[in-house]
Amino acid sequence: MDELDGDLRTAKAVRDMQLHMKEKRNIKKNASDIRRQKTLKRQTKQLGWFKRTKYSIGMSWMHLKQKMAEFAYSLELWKSHLKKIEGHFGTGVTSYFLFLKWIFLLNIPVCILTLGFVVIPQVLYRYYMKVPSGYAMPANSSVSFTGEELLTGGNWFEETEMYYGFYTNQTIQINNLGEYDMKFAYLFTCGGYYILTLIILALSISRSYKMNYIEGSGTQTFYMVSRVFCGWDYNITDTAAASLRHKSFFNEMKEFLSGKKKPEDDVKKLEEKCKWFFIRLLTNLLILGTIGGLAYMIYAVSGRIETNTRILADLALPLLVSAVILIVPPIFSLIARIESYEQPKNELYMNMLRTMLLKASILGILVYFWFTQTAKRENECWETLVGQEIYKLVIVDFIFTLGATFCLEFLRRIFATHCCKLKNPSPEFDIGRNTLDLIYSQALCWLGTYYSPLLSVIMILKLFIIFYVKRISVLQNCRPSLRPWRAARTHTIFMGFLFFFFLMATVAVAVGIIIIDSSHSCGPYRHDSLGDDQHYYAYRVVLDLIDSWRGEVVYEIISVITSPGSIALVLVALCVGTYYMRIVMIGHKEMVTLLRQQLAMEGRDKAYLLRMLQEASKKRKVKPSNINRTLAPQTSSLLNPGERSPGMHQ
Amino acid sequence: MFFVYSVYKRFRQLNEDKVQRDKNVKLSREEILKLPELQVNPFNDRITTVFSSSGDGGMTFEDFLDMMSVFSDNAPKNVKVEYAFRIYDFDEDDVISSDDLKQVVNRLTGEQQLNEEEMQQLIDNILEEADLDDDDSLSFAEFEHVISKAPDFIK
C-alpha cells in the first residue's frame, strides 16, 4: 500500500507543476520506478497472498474512483448548454444560468426531505388505512379533476397531499412495523429543511463573501490590475462577441480614466450639491411612497375578491401582484436615470435594492393579510387557503416569466427585424432583472413549503422549464451586452438578497407555527375548540412533548438550556468572540501595512545596491549578470519563499 | 481518459488527414489557430508560443493537451497564474514591464486605441497598485500576489 500512496502523492504534486506533459510523465515514471525498486529491495521474500490481494484491490479502487470522477464530470448537469452560452455571451449571462442551476440543486434535498418524511407516509397511510382524507368533515368525493385546478390550485387539489389540510393527525402504524407520528413528522421535517437550507445558504454566502470582498480588498483594491489582466473572457468563441468585448473594454477604460481625472476639479459648488441632494431625496420619497401605495392597494384588494368563485376572480390577486412586479421596476430604473449617479454601478445597485424592497413589501403585506384575516376564519382550513394562494402566485409568476420572455425577447426581435429597422434589433439579456425574478420565485417557495409540502416539486419543474426556455431565448433572440457585468461581485449581492428573503420567509413561517392558532378541523394540528382564552398552535405539540418528559433528565437539560440565564450567557460569549475576532482583524491589517512598507524599503535598497554595484563593476569590469544572480533571491524571498525571482533568469 | 479523448477529437478536427496519418504530428500555428476559442483571442500568438514545446508556435498533441488542461476548469490556480504570467510577458524577460503592459492593453482594446497620455496614466495606475517594490515592472511574485486576489480570475 505504501507504493500506492506514493503514486497518488506524486500524481498530485506533478499536477501542480508548470511543466510540459513529457517532463511530467518522466518525473512520474522515475518516481514510481525508484519506489518499486525500494519496495522490492526491502521485501526479500515473496509477497504474501494477502498483501497481493490488498494491493490489487487498492489499485482497482483507485482506478474506479478516477473513472467515477470523470464520469461524474461528463454527466454534470447542463454542462454543454452552459459552455455554449458562455461562448456567445461571456461569463455575465452565464452567471444567471449558474445561479438558476444552483437554486435548482438547492431545491432537490428539500424536495427529497419532504417527500420522504411527510408525503410518502401520508400516501401509505391513505393506502393502508383506507381513510379517504385528512379532513375531519366528510370529504367531498364528487370533486373531480377538470384541468382548471392547475391554475387555481383549488377543488381537486384540496383532496390531495398538495396542501397542509389533507395531512392526518394520527399515528401511522403499518403492519406493526413501527409507529410514525404525523404531528411530529410534519413539524420536524419543516424545521429540518429550513435548517438545512440555512446551512447551505450560509456556507455558500460566506464563501462568496470571503472570495470577493475579504480576500479581494485588503488595504487596497486591485481594480485596475484585475480589469486589465482579467479583461479578456477566454471562453468567448464568437467573433461578434469578441469585437463587442474589445469595444466594452475600451469604453470601460475610457470611463475609468475620465473618472480618475475628475477629483482635480471636483470642487463642486454647494448649490449643485444641494440640488442633487434634494432631487435624490425627492425620488427616494417618491419611490417609497409608490411602494407603500402599491402594498396598501394589494392589501385592500386581497380582502375584496373573496366572495366570487370564478377562475378570473380567483386569479385576480396573483395576476395583480405579478403585473406590479413586472411593470414597476422599469419605472424605477427610469427614475434612477434622472438621478444621474456618477457610476453606473451605483445606479444598478440602487435599482436592485428598490426592486427587492418592492417585492419584499408585497410579500410582507400578503403574509400580514393571511395571518390577520384568513387565519381568523372559523370553519375553513386557513392553512390550505394560504397554500392555495401561494400556489397561485407561483403558477402566475411562472406564466408571467414565460410571457415576458416571449414578448420582450422573442416578439421584440421579430418585430424589430421585420417591421421597423431599430438601431439595435435584438434586446440585451437583462441579467439583473432575471436573477431577481428567480430570487422572488424561490422566496415564494420557501414561504409556501409549510402550507403546501409539494411546492418544492413544482418549483423544481418550474426551474427546469425556465432553464430551457431561457437558454433557447438567449441564443435566438438576445445580443451580448455592451456594459461589462462583474459576475463574481454581483453574485455575492444576489446571495445576500436570497438570504434576506430566506430569513423573511422563515420568520413568517415561524410566526405561523408559534403564534397563530392552527385550524380546528384539518391538518396535523387539528383540535377541539378550547374556548376563547386558550390557544392551540402547531408548536404546542413540541411543548406538550417536553412537558410529558417532566421528571426525567432530558426535561431538566431542556429547561436549563432555555432558561434566560443560559441564553444570556451564550449571547455574551458570542459578543466576546466577535470582539476578539475584530481585534485580531485590526492587528492583521496593521501588519499588512507594515509589511508593505518593508517591501517598498527592500525594493529601494535593491535598486540602490544595484546602482552601487554597477558603478563598482564599471570600474572593475565585472559582468553585472553574476551580481544580479547573487542579489535577487534575498529580495524576493520576502515576497514568497521558494518562488522564482526576476533576476534569476537574466 | 474521457477528457483526453475529447481533446484528441478536437485536435483531429484541426487537420483530419495529418493526424490520421501520424498521431505525433506537429501542427503549425496557423492550424492550431483554427480553434474557435483561439481565433478570436487577442493573445492567441502568445498562447501558442507559450505552450509550444519547440517554441515556434507549432504544437504536437501533447502540447495541445497541455494547453487544454491548463484552460480547463479543474486546473490548479497556481498553474493558471504561471501560464498567464508567461502569456502576458511579451518580451520573455521574466518580468512584465511597462512595454508589456502597453501591449496587453492595446490588444484588449482592439481597433480603437487609447492615446499616449491615457495609456501612460493607465500604466501608472496599474503599477501603483501592483508594483510593490517600485522597480517599474511586475515580477512573478507581484503578479501572483495581485492576480490571486482578483475574484474574476477565471480563464
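The backbone N, Cα and C atoms fix where each Cβ goes, glycine too.
For A:102-125, A:184-205, A:277-299, A:311-336, A:348-370, A:390-411, A:455-472, A:493-516, A:557-581, the entry in TrEMBL reads transmembrane segment. The domain 'TMC' annotation in TrEMBL covers A:381-488.
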The transmembrane segment (A:493-516) versus listed stretches A:102-125, A:277-299, A:348-370, A:390-411, A:455-472: most Cβ pairs under 8 Å: A:348-370
Other same-chain positions with a Cβ less than 8 Å from the transmembrane segment (A:102-125) and lying at least 6 residues past its termini are 77, 131, 134, 161, 166-168, 170, 172, 174, 180, 182, 185-186, 188-189, 192-193, 196-197, 200-201, 204, 438, 442, 445, 449, 453-454, 456-457, 459-460, 463-464, 467
Mean pLDDT across the domain 'TMC' (A:381-488) comes out at 82
Listed stretch, out of A:184-205, A:277-299, A:390-411, A:557-581, that has the most CB pairs under 8 angstroms to the transmembrane segment (A:348-370): A:277-299
Within the domain 'TMC' (A:381-488), residues counted as helix, strand or coil by DSSP: 80 helix, 2 strand, 26 coil
